[in-house]
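K.L.:
Once you've had a glance at the structure underneath, I'll fire off some questions.
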Amino acid sequence: MERQPKSLCDATQLLETANIISDTVQTIIAEWSAEAKAPQGSGKQNAPMLPSRELFDAQRTILAAVGKLTELVSDPSARILEVATQFQESRSLYIAAERRIPDLLAAGDEGGVHIDQISQKAKIEPRKLARILRYLCSIGIFKQTGPDTFANNRISAALVSNEPLRAYVQLVNSEGFTASDRLPHTLLHPDTGPSYDVAKTAWQNAVCTKKTRWEWLEERVAPEQLLESGGHYPGIPSLVMGLPPREDDGLVARPELEIMGLSMVGGGRVFGTAHVYDFPWASLGDALVVDVGGGVGGFPLQLSKVYPQLRFIVQDRGPVVKQGLEKVWPRENPEALHQGRVQFVEHSFFDTNPTEGADIYFLRYVLHDWSDDYCVRILAAIRSSMAAHSRLLICDQVMNTTIGDPDLDSAPSPLPANYGYHTRFSHSRDITMMSCINGIERTPAEFKGLLQAAGLKLKKIWDCRSQVSLIEAVLPEMNGFR
């Protein structure tokens, strides 16, 4: 294939992108300086560990510009090969997180830890492990301090003593990864290809089951079954080194269930902190917040530490709320439990919500799990319990496209309207939802359609300092009074 010469349009876009980067860099440096001078805990928007609005906008703009530069200057064929093999980046990170490499490095000298020492503790042959770590160093995760020594950098350090974040890496790289491997076949199959049934996905093919993912996660099985699914899924890597002991009934819980619950806390901390500060929770006083399908209560856990007047009810399947009540909250916020500020209720969100007239009904990462018909049922079950003053907050990704959406802000031209590279995780999660549960990350128009079908009306999309937004919905007759 002959090399194609660049056009005047390409040159113009390159200059425009360079100017955006130059201007944005100045904003980032100014915001970094302001952060360094500010007293600890006095962020510009009262949000520890959260960037100012100006810094957040600058971050996503410069990441979008980096993506545009990559598009403009890369050799097309080389770029195709690069993207085709990027799954190895994810696998290398999974190996490092699963073997707790960041924690091993944190316990060593600042100058780095020798690969032989890392290898001995991680139980991976040193030359192979060194190649994996060099790969990660090349994409800015970890740093190499000598020919055979490695240390954490600011990126890998995020995993040190961070079980929830580690769990998220495990979540998407265990059965989630195996499901993605089966996705091409599933899309072409005459039965599963056009289906949005939660039990007809690539994930069922991967783990060799007819159960839904939630039913499978809650199974109790013989220990040896954890490594012998009968399908394409090999199980959690560490199980190769030893299976858990049988419990009194001769069975064990799947480790993926606990990983799932903990990962929701980890993901919430990354993308959910903004929702604690970018919505006016303080104005609600002692309002009752019902977290529908709330898992172990990860988001109320965040809110409870910032707004001590708020009250919470966490609703989900029995084994999940049990994990929140008995393991997560006693460790993370026992005071809220003792004060009765949080309750855990077993509930299926397809049934009419048992809590009537709550101030806020909160749906985080629920609707993206389900296709449209299921979502309308979930929303209608909440609507029937809402009072005139009630509000529904949907915490989900609101997908923009590279050509933009009239309901969402766009990046400056010539950058992709949806901020391109900045949204890579959002689109990746959309395909993960497709692979595992036939779920969907939706556009504003798609959310409006769901709400209308359920007898609700979209009031506002809260643009938060996150890739995940808050969609506020109300009963139609109250929309004019809010």
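In case you wondered, yes, glycine gets a Cβ from its N, Cα and C as well.
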K.L.:
Write down the one residue from Asp316, Asp405, Asp407 that Swiss-Prot lists together with Gly293, Gly294, Ser348, Phe349, Arg364 as binding S-adenosyl-L-methionine.
P.N.:
Asp316
K.L.:
For the recorded positions Gly294, Asp316, Ser348, His368, which Cβ has the most other Cβ atoms within 10 Å, all shown protein chains included?
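P.N.:
Counting Cβ neighbours within 10 Å, the top one is Gly294.
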K.L.:
Please report the three-state DSSP label of Asp316 (S-adenosyl-L-methionine binding site).
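P.N.:
The three-state answer is strand.
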K.L.:
When you measure from the Cβ of Gly293 (S-adenosyl-L-methionine binding site), which residues in the chain that are at least 6 apart have a Cβ under 8 Å away?
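P.N.:
In sequence order, the residues whose Cβ lies under 8 Å from that of Gly293 (S-adenosyl-L-methionine binding site) (at least 6 apart) are Gln315, Asp316, Phe349, Leu363, Arg364, Val366, Ile378.
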K.L.:
Could you measure between Ser348 (S-adenosyl-L-methionine binding site) and His368 (active site, proton acceptor) for me? Cα positions, answer in whole angstrom.
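P.N.:
For Ser348 (S-adenosyl-L-methionine binding site) versus His368 (active site, proton acceptor), the Cα atoms are 16 Å apart.
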K.L.:
Please state whether DSSP places Arg364 (S-adenosyl-L-methionine binding site) in a helix, a strand or coil.
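P.N.:
Its secondary structure by DSSP: strand.
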